[in-house]
Amino acid sequence: MEPTRLVRPFEVVSEYQPSGDQPKAIAELAGRITAGETDVVLLGATGTGKSATTAWLVEAVQRPTLVLAHNKTLAAQLANEFRELLPNNAVEYFVSYYDYYQPEAYVPQTDTFIEKDSSINAEVERLRHSTTNSLLSRRDVVVVSTVSCIYGLGAAEEYLEAMVALQVGQNVGRDQLIRRFVAMQYERNDIDFSRGKFRVRGDTIEIIPVYEEHALRIELFGDEIEALYSLHPLTGEVLARTDAVSVFPATHYAASPATIQRAIGTIQTELHDRLVELEREGKLLEAQRLRMRTQFDIEMMEQIGFCSGIENYSRHIDGRAPGEAPHCLLDYFPDDFLVVIDESHVTVPQIGAMYEGDASRKRTLVEHGFRLPSAMDNRPLRWNEFKERVGQTVYLSATPGQYELGIADGVVEQIIRPTGLVDPQILVKPTKGQIDDLLEEIRARAERDERVLVTTLTKKMAEELTDFLAEAGVKVRYLHADVDTLRRVELLTELRSGVFDVLVGINLLREGLDLPEVSLVAILDADKEGFLRSSTSLIQTIGRAARNVSGEVHMYADVLTDSMKKAIEETSRRSELQVEYNRANGIDPQPLRKRIADITDILAREEADTAKILAGRDQKRKSPTPSLRSGGIAAQGAAELESLIADLNAQMLAAAGELKFELAARLRDELSDLKRDLRQMEKAGHLS
């Protein structure tokens, strides 16, 4: 069944207009896509605004779009940018919802079985459901995703078939609705009303869909829907009235009772065949293990239509043939969707590598009787299967890989930056006396309040260099593999803010990293050929200095390698084009002004603040916000006071939602005092 999707145009809302190479790139990309070219490469230099170009391209072609990034942090950054550029359209974020994930595994050498263990991030899970909801209900959708989009997901047809469409005046019984919601894996809970649950009070049913922040109230009169309301789940405040709404399942692995019964039949057939095979091979322990585990899962499915690890039976539930590719997020898109692969030189190999890593683990589980062979078909797509499911693809990169360049119908260049900034000057210096030279360059930059990145080849060298620079009085930090993602964000923010001047690391290229304050990138051992000193890595590293007007790259080397030569020639070519464009158009290069903030930084800060507030461990605090009021009410402007009231109100509701009622009461009292102060300011005429 093909869903009916709301049609609304994509519209970019921005105070800026395309500039530099952007207008030409947008027009050429749109022209090639419209002409039907299957694969197109956008070779965009660092800092030329490839994300903005993508948004304008989507506006030009008016097609649902999947944007692929190679890690969660970059995906979050891209989603944030697209939401700012396309505020009136659905920009969704689809990544793995696990904060922690230990997959099911077996180690034959030690006879150790590791149970699946995971911690699910409820908010990311909501965003995943929001993605599928948007894809099946509207066309103006941009989904920013990682490789999660190629992993198994329930069939779109089953998901859509399980949906409940509600309309005012519709004839439907209360008990019938309750049964439908339970079949969709919603839990009835009249006490703890939260996402994925519903409650019943007389002829009124209230439900919070897994993809929504607000609740839905269904008021019935007999067997007829009398009214539908959107309401705040905690306060019960009615936010809006609607005439029609659709409720999608609480799980992507939705299946009708008939489908489950059919699947149970084929699972039992496969189990019988596999047991015969194992017993014939003399693997009696494995056979008994498989019989017990599978029979338990079958009983669970017979009783409640679901079982833990049901995704391992997805081939049976979907009715797929052995070896057939699983359903995934790509199946939820309309047929004419566009794919944009960001940092394609990294993301393309990543997509291709996912299948084999998953298969090797499951192969061991199957061989030792922990899973049926059909569990192998709950897997990510192979590369060729991915290509079959996507249509036209745009590959974005400052350094496109051989694969993209080989299959592309054409390469579109975006070299000129909107800011007029040119690629950095590259100097090759001898290794003799390199540390003294580097120290001198660092001190010169520090005096100008500029920052420096230093990249080395080994962990030991990075540590020793950091110690040496620190002893020489340089404010320096060392970024290494053991630093977690959020701490890495903090380090980069501290670098930009001037807490320290130099960051030393091994692999600092970090595609998509924006550091406008960095005016010098020093590459030690630049002539040591290898992954970290390939032409691609060198160009990416050089790009870290391309966001500063006085950016320079110093390569310390005694030999000019082929990789160095390619990187220098490509950078020089781009620089010449940029300088010529600036001269012809009278453009004076402007420094890139970017807020010292990042979506992961913001999320981390909010998460820490919320945890601190909700913990409520310091019982001695009379007010949870003494520092905000320590200067007296006169120290607070009206706007700040109103903002504080809004923040505290949100914290109070969050505390109540977490059942932290004592904290919520303290916040309520604090709110009451602040509102009284605000009223006094109004009476005194301090508010306009």
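Note that Cβ sites are derived from N, Cα and C of the backbone, with glycine treated the same way.
Record features, source Swiss-Prot:
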type	residues	note
DOMAIN	31-414	domain 'Helicase ATP-binding'
BINDING	GLY44, ALA45, THR46, GLY47, THR48, GLY49, LYS50, SER51	ATP binding site
MOTIF	97-120	motif 'Beta-hairpin'
DOMAIN	434-600	domain 'Helicase C-terminal'
REGION	614-633	region 'Disordered'
DOMAIN	642-677	domain 'UVR'
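Annotated features taken from Swiss-Prot, shown on the structure.
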residue: GLY44; record: ATP binding site; Cβ neighbours (10 Å): 24
residue: ALA45; record: ATP binding site; Cβ neighbours (10 Å): 28
residue: THR46; record: ATP binding site; Cβ neighbours (10 Å): 24
residue: GLY47; record: ATP binding site; Cβ neighbours (10 Å): 22
residue: THR48; record: ATP binding site; Cβ neighbours (10 Å): 27
residue: GLY49; record: ATP binding site; Cβ neighbours (10 Å): 22
residue: LYS50; record: ATP binding site; Cβ neighbours (10 Å): 23
residue: SER51; record: ATP binding site; Cβ neighbours (10 Å): 20
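In three-state terms derived from DSSP, SER51 (ATP binding site) belongs to a helical segment.
Mapped onto three states, the DSSP output places ALA45 (ATP binding site) in coil. Each residue in THR53, ALA398, GLN414, ARG417 lies on the same chain as GLY44, ALA45, THR46, GLY47, THR48, GLY49, LYS50, SER51 and has a C-beta within 8 Å of the C-beta centroid of that ATP site, without being one of the site residues. Model confidence over the domain 'Helicase ATP-binding' (31-414) stands at 90, taken as the mean pLDDT rounded to a whole number. Here the domain 'UVR' (642-677) is broken down by DSSP into helix, strand and coil counts: 33 helix, 0 strand, 3 coil.
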